[in-house]
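Visitor: Take a look at the following structure, please.
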Number of protein chains: 2
Amino acid sequence: MLKFELLQEDKTSAARLGRLTTAHTTVDTPIFMPVGTQATVKTLTPEDLYEIGAGIILANAYHLYLRPGCELIQQAGGLHRFMNWKKGILTDSGGFQVFSLSKLRDINDDGVWFHSHIDGSRHFLTPEKVMEIEAKLGADIAMCFDECAPYPCTYEEAEKAVKRTSLWAGRCKKAHNNDKQVLFGIIQGSVYPELRERSVGELTALDFPGYAIGGLSVGEPKEMLYATLEVTTRMLPREKPRYLMGVGAPEDLLEGVRLGVDMFDCVLPTRLARHGTAYTAEGKITVRNALYAADFSPLDARCSCYVCQNYSRAYIRHLIKAEEILAQRLLSYHNLYFLFQLMAGIRAALAKGEFPSFYREFFHNYISA
Amino acid sequence: MLKFELLQEDKTSAARLGRLTTAHTTVDTPIFMPVGTQATVKTLTPEDLYEIGAGIILANAYHLYLRPGCELIQQAGGLHRFMNWKKGILTDSGGFQVFSLSKLRDINDDGVWFHSHIDGSRHFLTPEKVMEIEAKLGADIAMCFDECAPYPCTYEEAEKAVKRTSLWAGRCKKAHNNDKQVLFGIIQGSVYPELRERSVGELTALDFPGYAIGGLSVGEPKEMLYATLEVTTRMLPREKPRYLMGVGAPEDLLEGVRLGVDMFDCVLPTRLARHGTAYTAEGKITVRNALYAADFSPLDARCSCYVCQNYSRAYIRHLIKAEEILAQRLLSYHNLYFLFQLMAGIRAALAKGEFPSFYREFFHNYISA
């Protein structure tokens, strides 16, 4: 099941406030969804995520199909029970991972042959097989199996990926049969406006309950990301949720909302945590640096999260230097909290009709680098 | 400050129930103290530890002196503030670490020259210097700087270490000047009863508020550990707390209590967690094993901890195989909880005068290996 209500639209941009209801959750949009690729948002428990405010998390069908196997997860009672997560889950189909992680692939219109990045074993995935996997995982929202073209790629390569993505979307829709789970289509087309337009046309003709914008944030310059996003979202149906895949830097969340996106996901907050980096209202800081060795202030003086209320930069830097896991845990918690506060701020501004000033204020303070 | 009350003594053994009050905490003994060597109990927050029931944790003067440096911790307001821990802390002096971790040491009665295991830098530690370090850290309980003889060692080597430990204990006591912090003496003597006796005599002559039993659990057979412990504890003053250093396997906690020990510490629960092993009422299980791949029961069916209420062996095994940090975090939590429940059971049995039957029941179920 899926319900999407538009609560408010910004007058000066494509930004909108909405409410999304799935089988396990109701969340206000625009929303950020933490990534739990392998059935865990790295270092954190579900309780940590509830505390941070997470309502939907991501998991990855490709990864879970390879390890521990979707039959095992089905046997456990589905992904929610397996990982002890009681709210919404969205499973990415693994299209992106098949093309970015696996080896020696052989792709044709039927499906993809690939070798597991874990043990080299050979697998064949088709749109029908991916629907079967996602049904076993039992997420609230499943994604179509798509072909994600790399960046850069020629017009001809991108066109081929669009064609195949549309073909597979039709087969996914036909194979998907699950009244608790909904299926989103994925728009491809690389950075070519004409191909994006064609992809939107072909996917919307299939009438999905929601649309993801794929093939972005794969290495293209920010200007191209924003320009492509703009031409894509403006053609998507107003009344359905729009999900920009793999995008999550604070400045991109702001731009994405401005251009009409409702849902985001990204590994960045937990990956930056592993690298000893924290978000702050003024921009990112590399807590690992000697600069913070005797800095007894919190990661972000404006942040009210558990980490900022209880720990100093100096302590977290010590944990990083001593290779203590608590460093990753505290930084992951803070970075996710920071993004959730940002999204809450965006939603509050949209509700009050003050998105433009919120947007200006954010960029006045935040130095992206 | 330190207050130790003896609440109850077992009629059939040296086991005793007590209550220990330090500057930051009051705990019932026998107690297990989790180890936070580098100012963090690996993977866990202070809140996790409060939830588990921890009242005193350990930290290590040697490690913290080398990194991040005790001046930095003093500047942060002491170790409690630095690591956000509000209850008791005991700092080990680093005697054991100087002899086990560092390189190219040169030891004489004045002190020890050694090279840091982190960056090779050269350091000289004396009893007075260690007292200064421990004062800066500001733990509730500080340990004397001692010489810990390895196992096996000759009688002559062990005798030399006892002599030096007594000499240094006197200098530590003289140098220690802190009314919030108390100083414990450390008994040495390897596995030689005569030397243990001499060490107890020399240390108790200095009249410390509590005594640690060092130089055990360093590789000697269990029978030797127990026999040495027995001759040592029976000579120690009844009214003062006794702390067995570095011992924490469930069976050793039971034996230690039976032989009159009040305080224990050990890295085992968190180290086993890193190796994918969990304590259960029936003994240890290696959750990493394929045996548990589709086992949807909790780590320990009798355990009421957060982990056992919410996660299966199959899920935790998946996290281990996928190298996800949450595995370590969940196993650390459970293993510590298991030991805290065991100690709570021991204390309840002592209060009811039922320690002997608790002891038998435990060994009836628990297979140590």
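Cβ from N, Cα, C; glycine included.
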Visitor: Examine the ranges B:22-28, B:106-112, B:246-252, B:351-357 and name the one recorded by TrEMBL as region 'RNA binding'.
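Guide: The range carrying the region 'RNA binding' annotation in TrEMBL is B:246-252.
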Visitor: In TrEMBL, which of the ranges B:65-69, B:185-189, B:270-274, B:320-324 has the region 'RNA binding' annotation?
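Guide: Going through B:65-69, B:185-189, B:270-274, B:320-324 one by one, TrEMBL gives region 'RNA binding' for B:270-274.
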Visitor: Of B:H318, B:H334, which one shares the Zn(2+) site with B:C303, B:C305, B:C308 in TrEMBL?
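Guide: The candidate from B:H318, B:H334 that TrEMBL ties to Zn(2+) along with B:C303, B:C305, B:C308 is B:H334.
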Visitor: Considering the substrate binding residues B:D92, B:S93, B:G94, B:G95, B:F96, B:D146, B:Q188 given in TrEMBL, which of B:G53, B:G55, B:G215, B:G219 is annotated for that site as well?
Guide: B:G215
Visitor: Are there any residues in the same chain, six or more apart in sequence, whose C-beta is under 8 angstroms from the C-beta of B:F96 (substrate binding site), and if so which?
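Guide: Listed in sequence order: B:D146, B:C148, B:G214, B:M245, B:G246.
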Visitor: Using a 10 Å cut-off, grab the number of neighbouring Cβ atoms around the Cβ of B:D146 (substrate binding site), all chains included.
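Guide: So the number of other Cβ atoms within 10 Å of B:D146 (substrate binding site) is 33.
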Visitor: Restricting to the record's substrate-binding residues (B:D92, B:S93, B:G94, B:G95, B:F96, B:D146, B:Q188, B:G215), give me the longest CA-CA distance in Å as a whole number.
Guide: 15
Visitor: Which one is closest to B:G95 (substrate binding site) in space, judged by CA to CA distance, out of the binding-site residues B:C303, B:C305, B:C308, B:H334?
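Guide: If we rank B:C303, B:C305, B:C308, B:H334 by Cα distance to B:G95 (substrate binding site), first place goes to B:H334.
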Visitor: What does DSSP assign B:F96 (substrate binding site), in three states?
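Guide: In the DSSP reduction, B:F96 (substrate binding site) maps to helix.
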Visitor: Using DSSP with the three-state reduction, classify B:C308 (Zn(2+) binding site) as helix, strand or coil.
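Guide: It is helical.
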Visitor: If you measure from the Cα of B:C305 (Zn(2+) binding site), which of the recorded positions B:D92, B:S93, B:G94, B:Q188, B:G215 is the nearest?
Guide: B:D92
Visitor: Counting across all protein chains present, how many other Cβ atoms fall within 10 Å of the Cβ of B:G94 (substrate binding site)?
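Guide: The answer is 26 other Cβ atoms.
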